[in-house]
Ligand SMILES: CC(C)(COP(=O)(O)OP(=O)(O)OC[C@H]1O[C@@H](n2cnc3c(N)ncnc32)[C@H](O)[C@@H]1OP(=O)(O)O)[C@@H](O)C(=O)NCCC(=O)NCCS
């Protein structure tokens, strides 16, 4: 039976943070004092990650050190290969990635608590390798041994996935996407990471828990839902009738609505800008723009007063299409970006830790005394 009452912790403040400022009514997103959009347009993944982890942009020697540590962590070690080879092929991609990360805990006594910065870099570095290796396993294609681990993060990821060096344009848009997807306050997966970390569990387990939350369709699973929606629509003329029918049937339009943003998601705005430059006459991008306009109109008609606008997943899907990312890699790619936010939150949680222990509101009956 559905009960009215406390659901979804909406509006509840559960942690203090210096990492990001999300203002949903004004559509503002700030990472440690910097506009996320500016970082996405003018900085590298490595610089933005360092900013979140350390609180300021890196200087030249810090950036060099960060790149070296990422390159080191990306290596497909024999242990990692054995681990991934042992996971049965029917295990879903995200579940395999989650298991591989959790099992990559080196098991040293020292690696449990408190979480360390070098673990944040190691987990961030290994994710593209794990995702790409698993993708090749599933697709029956060969692991590109020649993918140079010294490349920039987004470039390495594309190279490892597709087996050839990525174009500069594709690297640039993926880099921008990964920065915009890196951090977003206390969303479900980040909250999961902080809760697990607050028990003084290790960083690998906390990131694994966050991935479990990330793979749900109401969180990181949404971009593939957007492609399904766009494929179902197929042409501009069909946008309105298809979505009208969905809303009549009580279905949700993926890529719209957000718990926090009650105006256009600033990340959607930035991604639209970056992708537009690349997409040009791209069919999917044109369809996406048309669909967005129709969806906002229809949502205002069918759900008046709910303030439903485009969220980041909508343009993330258009961007993924333009870099030829298969649907099965959408959520893993979001994960490879968001891991920076998770690990930064885990480090922050450990600085002033107290175990999370909210209470539940018992609605059942009591036995007679
Ligand atoms: C993101 C999301 C989970 C936020 O949910 P929420 O804050 O809990 O909002 P609610 O589920 O309470 O929805 C409020 C109302 O808007 C409607 N609504 C919300 N998002 C909708 C959507 N995308 N399409 C149609 N209706 C939607 C709900 O049906 C509900 O209507 P009701 O008041 O008539 O029951 C929700 O907007 C959604 O499911 N969006 C689609 C999935 C998606 O894009 N996720 C990615 C998020 S980055």
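Each residue, glycine too, has its Cβ placed from N, Cα and C.
DSSP classifies residue 258 (active site) as coil under the three-state reduction. TrEMBL lists 258 (among others) with the feature active site.
Look at residue 313 (active site): DSSP puts it in a helix. The active site annotation in TrEMBL covers 313 (among others).
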Number of other Cβ atoms within 10 Å of the Cβ of residue 258 (active site) across all protein chains: 20
For residue 313 (active site), the number of other Cβ atoms found within 10 Å of its own Cβ: 27
Inter-residue C-alpha distance, residue 258 (active site) and residue 313 (active site) (nearest angstrom): 10
